[in-house]
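As annotated by Swiss-Prot, Mn(2+) 2 binding site applies to Asp11, Ser61, Asp427, His428, with the evidence given as sequence analysis. What Swiss-Prot records for Ser61 is active site, phosphoserine intermediate. The feature substrate binding site is assigned by Swiss-Prot to His118, Arg147, Asp148, Arg177, Arg183, Arg247, Asn248, Asp249, Arg250, Lys320, with sequence analysis given as support. Here Swiss-Prot flags Asp386, His390, His445 as Mn(2+) 1 binding site, drawing on sequence analysis.
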Amino acid sequence: MAQKTLLIITDGIGYRKDSDHNAFFHAKKPTYDLMFKTLPYSLIDTHGLSVGLPKGQMGNSEVGHMCIGAGRVLYQDLVKISLSLQNDELKNNPAFLNTIQKSPVVHLMGLMSDGGVHSHIEHFIALALECEKSHKKVCLHLITDGRDVAPKSALTYLKQMQNICNESIQIATISGRFYAMDRDKRFERIELAYHSLMGLNHTPLSPSEYIQSQYDKNITDEFIMPACFKNYCGMQDDESFIFINFRNDRAREIVSALGQKQFSGFKRQVFKKLHIATMTPYDNTFPYPVLFPKESVQNTLAEVVSQHNLTQSHIAETEKYAHVTFFINGGVETPFKNENRVLIQSPKVTTYDLKPEMSAKEVTLAVLEQMKLGTDLIIVNFANGDMVGHTGNFEASVKAVEAVDACLGEILSLAKKLDYAMLLTSDHGNCERMKDENQNPLTNHTAGSVYCFVLGDGVKSIKNGALNNIASSVLKLMGLKAPATMDEPLF
């Protein structure tokens, strides 16, 4: 088995048994009908733990393409950190240990919620308890959310933090994320949060009383004014500080204010030394230890093909170009040797339901051209099912599927003539469910399975699997050995 191969990603076209509001089911799709009758196919998981996301969370194009290209599950920061903490690995984490061992006082700061977008309260609690085991005094600097969770939910999360408080662990400050997590260089906001860290803006109220006093002024969690509580005298020289958010964009400014030598946002208290660490890499210019460094993704599908001196072409329209280049290549921006990239402009319309065919025809022409040139691997993304599905327009989504189906017909026909193998799947679903339980338009991705079809010499059946099984399957069609880092193929 060694064939030139097509990897076709039909973005946003998923599997769903029910036909109600299912644009894929209701579309006229002779090519799909032919594939169902003549090609082996299976179902592929695209969400939750199968792609490294939290259990039950819908997949997305970035994660999906990363998983496809890597050929293995790349756990996202939230899941990776949670698994590490569940396995009690923090006690052996060098960045964590080195940071807390430098001072009897450890300051922990981060977003106090279970929203899972920037942080998770379980991480906050786990770090505090591990510091306590090392006989440290722990100062908690709580950032209230109200954006990724309900606007007035802080008291619920506060109770969880108070449950671990004792003589060693105390709540030192509180601030709404509007102030402590600015990302737009509005340093007048950061300055207020910074002042509370320094022991300014004292309130005589308890943390719960203070939150309630803000609610009484119609101030919700996101906008709670920064304050510090009794018995907290501010950060001191030679103390340790860990910011527990795993997402970097809204953590940079406050960490810069605390630790960067070059800072012009506002006048700061001068420290000889603070021992700062961050949960994940926040900025390439930051010198601070990182508890959970970025995972290097090597031996991706594109890299392996390049190592064998074979040619490849990655094709998509604007909306999905980054996904078939940067993301599918494991976060590598520069093309590999013999890797050609074709960018087709997406139509300039306000919303894609106005032109559900998008640029699928132009994408198809580029694919056909590469096939005629004999390119060894062609990776192509059809954006229609996802981008039109996001509009919530059922009729337009049906047309989007029909447009993709027509394009697939041309590609499949030429593939058979030129002896190309083909693997067709989706990175996640969308257009197969266009209304929610209340009959309102549903515009988000679905948390379900997608189809996988294979055309290849000797391939009679394929197993159910997940996106991490795609790369090794493509390499097998090409007659190439998959690296040990990749998971097993589907056949």
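Placed from the backbone N, Cα and C atoms, the Cβ positions cover glycine too.
Structure coloured by features recorded in Swiss-Prot.
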| residue | record | contacts (Cβ under 8 Å, 6+ apart) |
| --- | --- | --- |
| Asp11 | Mn(2+) 2 binding site | Ser61, Lys320, His323, Asn381, Phe382, Ala383, Asn384, Gly385, Asp386, Met387, Ser426, Asp427, His428, Asn430 |
| His118 | substrate binding site | Leu111, Asp148, Met181, Asn245, Phe246, Arg247, Arg250, Ala251 |
| Arg183 | substrate binding site | Asp249, Arg250, Arg252, Glu253 |
| Asn248 | substrate binding site | Thr278, Thr280, Pro281, Tyr282, Asp283 |
| His445 | Mn(2+) 1 binding site | Gly12, His47, Met58, Gly59, Asn60, Asp386, His428, Gly429, Asn430 |
- Query: By a simple count of other Cβ atoms within 10 Å, which of His390, His428, the binding-site residues in the record, is least packed?
  - Reply: His390
- Query: Residues near the Mn(2+) 2 site, Asp11, Ser61, Asp427, His428 excluded, by Cβ within 8 Å of the Cβ center?
  - Reply: Ile9, Gly12, Thr46, Gly59, Asn60, Gly64, His65, Lys320, His323, Asn381, Asp386, Ser426, Asn430, His445
- Message: Let me make sure I understand the span of the substrate site: among His118, Arg147, Asp148, Arg177, Arg183, Arg247, Asn248, Asp249, Arg250, Lys320, what is the greatest distance between any two Cα atoms, in Å?
- Response: 32
- Task: Drop a 10 Å sphere on every Cβ of the binding-site residues Arg250, Asp427 and tell me which sphere holds the fewest other Cβ atoms.
- Result: Arg250
- Note on the structure: In three-state DSSP terms, Ser61 (Mn(2+) 2 binding site) is classed as helix
- Item | Secondary-structure category, per DSSP, in which His428 (Mn(2+) 2 binding site) falls | coil
- Query: To which of the binding-site residues Asp148, Asp386 does the lowest count of other Cβ atoms within 10 Å belong?
  - Reply: Asp148
- Query: From the centroid of the CB atoms of Asp386, His390, His445, the recorded Mn(2+) 1 site, which same-chain residues not already listed sit within 8 A by their CB, in sequence order?
  - Reply: Asp11, Gly12, Ser61, Gly385, Met387, Gly389, His428, Asn430, Cys431, Thr443, Asn444
